[in-house]
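*Asks:* Here it is, the structure, as structure tokens.
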Amino acid sequence: MGGGGQLTEPGEQGSGRAGGVYTWEEVQSHSSRNDQWLVIDRKVYNITQWAKRHPGGIRVISHCCGEDATDAFAAFHPDQRYVRKFMKPLLLGELTPSEPSQDHDKNAALMEDFRDLRKRLESQGLFRTSPLFFILYLGHILLLEALSVALLWNFGNGWIISLLLSVLLATSQAQAGWLQHDFGHLSVFKNSTWDHLMHKFIIGHLKGASANWWNHRHFQHHAKPNIVSKDPDVNMLNILVLGNILPVEYGIKKVKHMPYNHQHRYFFLVGPPLLLPLYFNLHVIQTMYLQRDWVDFAWFLSYYARFFMFYSPYYGILGSLVLITFVRFLESHWFVWVTQMNHIPMDIDHDKHDDWLSMQLKATCNIEHSQFNDWFSGHLNFQIEHHLFPMMPRHNYSRASPQVRELCEKYGIQYQVKGLWESWCDIVRSLKKSGELWLDAYLHK
């Protein structure tokens with residue numbers, strides 16, 4: 001789920017009766033690693049063998065097995081009619097007429113209203129892109145890159161100039177990070193092929209990372225946000241314990257990789273400074289090597305070739321490596337505080353099989369709308385709208401927001417909006433609370 005593209009070869013068959021009828025109990029019994037069914041629009045599909053070739057990755061689609069994946073399917077696939085052609089060989093049948101369309105006793109009215117909201121937003125043109133927005137956005141990133149080189153050409157590599165160009169490069173890298181995010185979600189072009197190509201250019205050539213690595217992690221996060229064992233962004237046991245449930249579970253099991261009761265303090269040392277220059281950088285290289293992803297590796301190398309071409313004449317090879325590391329160090333602070341402010345303070349739990357709207361609202365919150373916040377966060381201050389509609393161009397989030405809030409109010413679902421500083425403080429408060437829960441369970445349970 002996620003990524004679109006050709007899904008299966010003609011003639012590949014799902015096992016079972018193509019015209020069969022099934023109950024939810026039967027579907028839910030096929031949710032193991034080696035036996036996977038799912039439901040989309042009441043049709044039952046066997047994805048067991050094919051999941052390995054899913055364009056969005058095996059894990060993201062496997063996370064939805066045994067349940068209704070209709071809303072996830074709509075969220076991740078821009079051309080559903082095209083994709084459905086390749087799903088036909090996987091079709092087993094349909095739910096029995098007596099079965100509801102929703103699983104796990106989900107609120108049918110809420111789900112129907114959410115789907116109506118999506119159709120209404122589509123009819124309002126909120127899934128249509130403004131080309132000028134993205135042209136100007138890419139332009140300001142390239143301008144920052146050009147200014148940093150121009151500083152060197154005209155003023156040399158003194159300390160003040162080096163610090164100034166480091167800030168310019170960190171800003172361009174952070175903004176390129178938000179832009180690759182847009183292309184990765186297929187939210188810019190009508191033809192997803194161009195999104196994929198631009199994604200590789202932005203994340204590979206402009207940032208020195210891997211598109212496939214990012215997709216594999218990020219689609220899982222979107223499909224099951226803040227859900228243990230399914231969202232890789234909350235799998236931090238070796239460093240942090242998050243939420244209210246996991247700290248108690250780990251404390252009872254006497255798991256102690258770190259003094260978690262102090263995590264709100266050491267977070268400032270191991271989180272914002274090191275995530276990009278150390279963990280992500282090494283993980284990108286490891287993933288490309290293990291997956292033999294030579295295309296992304298070529299894009300990755302093109303970034304470093306360009307960087308050394310411009311900067312090694314002034315800093316040398318070693319000095320250029322120091323410069324890259326310092327730029328990533330600066331960018332990492334920006335990235336961590338922005339990406340975690342919407343999620344760490346929210347619910348983190350095992351999968352409760354909630355409907356799409358409820359699941360996303362439990363795991364996300366918004367930050368106040370302003371021109372600065374929009375630019376600074378790459379419009380991730382509208383995290384709720386982004387998670388509900390990941391293919392919506394971000395310049396339309398502010399128009400969708402009032403309608404999403406109205407639907408949430410109708411069903412008593414909390415729609416949280418915070419100030420920027422408040423959201424950052426909530427990260428630290430949440431880490432402190434989780435650490436205290438772990439310590440209490442570790443010592444007394």
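Backbone N, Cα and C atoms are what each Cβ position is placed from, and that goes for glycine too.
Keep in mind it's a predicted model, so treat the numbers as computed, not measured.
The annotation topological domain 'Cytoplasmic' is assigned in Swiss-Prot to 1-131, 180-265, 328-445 on the grounds of sequence analysis. As annotated by Swiss-Prot, domain 'Cytochrome b5 heme-binding' applies to 19-96, with the evidence given as sequence analysis. Residues or ranges marked as transmembrane segment by Swiss-Prot: 132-152, 159-179, 266-286, 307-327. Positions annotated as topological domain 'Lumenal' by Swiss-Prot: 153-158, 287-306. Per Swiss-Prot, the feature motif 'Histidine box-1' maps to 181-185. Among the features that Swiss-Prot reports, motif 'Histidine box-2' is placed at 218-222, with the record citing a curator's inference. Residues or ranges marked as motif 'Histidine box-3' in Swiss-Prot: 383-387.
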*Asks:* Which listed stretch (132-152, 159-179, 266-286) has the most C-beta pairs under 8 A with the transmembrane segment (307-327)?
*Replies:* 159-179
*Asks:* Based on DSSP, tally up the residues of the topological domain 'Cytoplasmic' (180-265) by helix, strand and coil.
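*Replies:* Secondary-structure breakdown of the topological domain 'Cytoplasmic' (180-265): 49 helix, 1 strand, 36 coil.
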*Asks:* What is the number of residues in the topological domain 'Lumenal' (153-158) that are helix, strand and coil, as DSSP sees it?
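*Replies:* Residue counts in helix, strand and coil order: 3 helix, 0 strand, 3 coil.
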*Asks:* Express the predicted model's confidence over the motif 'Histidine box-1' (181-185) as a mean pLDDT, rounded to an integer.
*Replies:* 98
